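Novice: Taken from TrEMBL, the feature active site, proton acceptor applies to HIS299. The feature glyoxylate binding site is assigned by TrEMBL to TYR67, TYR174, ARG209, HIS299, ARG302. Annotated FMN binding site per TrEMBL: 121-123, SER150, GLN172, THR200, LYS275, SER297, 330-334, 353-354, in sequence order. Marked as domain 'FMN hydroxy acid dehydrogenase' by TrEMBL: 41-404. Residues or ranges marked as signal peptide by TrEMBL: 1-28.
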Amino acid sequence: MWNKFSGVRRPIMRTLLCVALAVGLVQAATENCKQETTVSADDDVVITMDDIERIALKNLDDGPRGYYQSGADDQQTLTENKQAFRRLRLRPRMLRGVKDRDMTVTVLGRQRLSMPVGIAPSAMQRMAHPDGEEATAKAAEKAGTVMILSTLSTTSMEDVRKAAPHAILWYQLYVFQDRELTRRLVKRAEQAGYSALVLTVDAPVFGRRVSDVRKRFSLPSHLKLANFDGKELSSLSSASGSGLEAYANSLFDQSLTWADVQWLKNLTFLPVILKGILTAEDAVLAVRNGIPAIIVSNHGGRQLDGVASTIEVLPKIMRAVYGRMEVYLDGGVRQGTDVVKALALGAKMVFVGRPALWGLAYKGQQGVEKMLEIFREEIDRAMALLGSRTLGDLRPQLVARQEYYASL
């Protein structure tokens, strides 16, 4: 047979064979690249929150990505929330006996959590994943921790409760100009089995989120604010760009004072937690007004730009309240060592917002579960290496500012 390809035909045949071989190698290489691309999203290579965030940002459309990711104005506070944790150094103690570590925590006197990390309220979670708030609640239920549901959720509070019947759920609340609307929301939360109200106090108006204005952000047309009835409240489709800010500002009660906090307390049998406290003065006023807990929060850097990071103001607030109320913290928490720093400086627990959204965008309920699992493992490891067997062993003496070492 090979005699037919003698002479000039033989080199041609060799060339064709080489081309075929090359094509096969290219195809094999292409398949290998595809496999490598796919494996980047597998759980066995998702080790840190940075891994989850990286994949989540690729999965999100431009509008939701910008809405979740951005802060107010120049984003100084957004950046500082994370950087301030990096300026704190840990001071581990040795030979302390850290076998059988326990990170459970009891909040509000009776609600026992498996870990000191809860899920902060984040609006419109179905932009991150079709299952939205239901998936987040199921993940919190499975992990044995608390989820705070946003008033501006894309799943109703009743449907979230049905999805996670045994979850510890708190309801985040804005006080609206229409007090009857506020009252109805409170009563629905009570009837749906929510165990606390979280009143946001740092948003008499919305901060200016430059990214949203530039991109003319609007809620996708197939979604709505599910806790509201009525066309004017359930849809943001016409409130794009700076219109979103005007929309919210027209609904929120800008005249809110401490007297209104008392009005809310008298309206409900649920404990009222204040979210958005940043000064010792306001923390003391919260104590005087009979508030059982506050969340030290700057709204994830999305309200007043230029305020201090939450971890920076925490020690002064702790000294001011002097054990008379529980203090929680959110803002900039991205790894287990951030959690133990906050707890060592006095916080009872921390809440995470964006990490939950990244988990949701990464892989729905499984992604949020993975996020919480990462925090749990990192906290446990950090406690062991610090010489702390329980959360009560985390004391201020275990944390020092970076400057402390520079001055030695």
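In case you wondered, yes, glycine gets a Cβ from its N, Cα and C as well.
Please treat TrEMBL annotations as automatic predictions, because they have not gone through curation.
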Novice: Give, as a single whole number between 0 and 100, the mean pLDDT over the domain 'FMN hydroxy acid dehydrogenase' (41-404).
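Specialist: For the domain 'FMN hydroxy acid dehydrogenase' (41-404), the model's average pLDDT rounds to 95.
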Novice: Taking only the Cα atoms, work out how far the residue listed as 'active site, proton acceptor' lies from ASP330 (FMN binding site), in Å, as a whole number.
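Specialist: It is 8 Å, counting Cα to Cα.
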Novice: Measure from the Cβ of ARG209 (glyoxylate binding site) and count the other Cβ atoms within 10 Å, all protein chains considered.
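Specialist: A 10 Å sphere around the Cβ of ARG209 (glyoxylate binding site) contains 23 other Cβ atoms.
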Novice: Taking the Cβ of ARG302 (glyoxylate binding site) as the reference point, list residues of the same chain whose Cβ is under 8 angstroms away and which are at least six residues distant in sequence.
Specialist: SER70, GLY71, ALA72, LEU78, GLY207, ARG209
Novice: At the level of the C-alpha atoms, what whole-angstrom distance separates GLY332 (FMN binding site) and TYR174 (glyoxylate binding site)?
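Specialist: Rounded to a whole number, the Cα-Cα distance is 23 Å.
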Novice: Does DSSP put GLY332 (FMN binding site) in a helix, in a strand, or in coil?
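Specialist: For GLY332 (FMN binding site) - judged by DSSP and reduced to three states - the answer is coil.
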Novice: Tell me the Cα distance separating TYR67 (glyoxylate binding site) from ALA123 (FMN binding site), rounded to the nearest angstrom.
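Specialist: So the Cα of TYR67 (glyoxylate binding site) lies 10 Å away from that of ALA123 (FMN binding site).
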Novice: I want to check the contact list for TYR174 (glyoxylate binding site): same chain, sequence separation of six or more, C-beta distance under 8 angstroms. What comes out?
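Specialist: Residues satisfying the criterion: THR151, THR182, LEU199, THR200, ALA203, LEU251, PHE252.
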Novice: Expressed to the nearest Å, what is the distance separating GLN172 (FMN binding site) and TYR67 (glyoxylate binding site) at their Cα atoms?
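Specialist: Here the two Cα atoms lie 19 Å apart.
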Novice: Where does TYR174 (glyoxylate binding site) sit by DSSP, helix, strand or coil?
Specialist: coil
Novice: Write out the long-range same-chain contacts of ARG334 (FMN binding site), meaning residues 6 or more apart in sequence whose Cβ is under 8 Å from its Cβ.
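Specialist: ARG334 (FMN binding site) has long-range Cβ partners MET49, ASP50, LYS82, PHE85, PRO355.
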Novice: Would you identify the secondary structure of ARG209 (glyoxylate binding site) according to DSSP, in three states?
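Specialist: Note: ARG209 (glyoxylate binding site) is coil by DSSP, not helix or strand.
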Novice: Test of understanding: give the count of other CB atoms lying within 10 angstroms of the CB of GLN172 (FMN binding site).
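Specialist: The answer is 24 other Cβ atoms.
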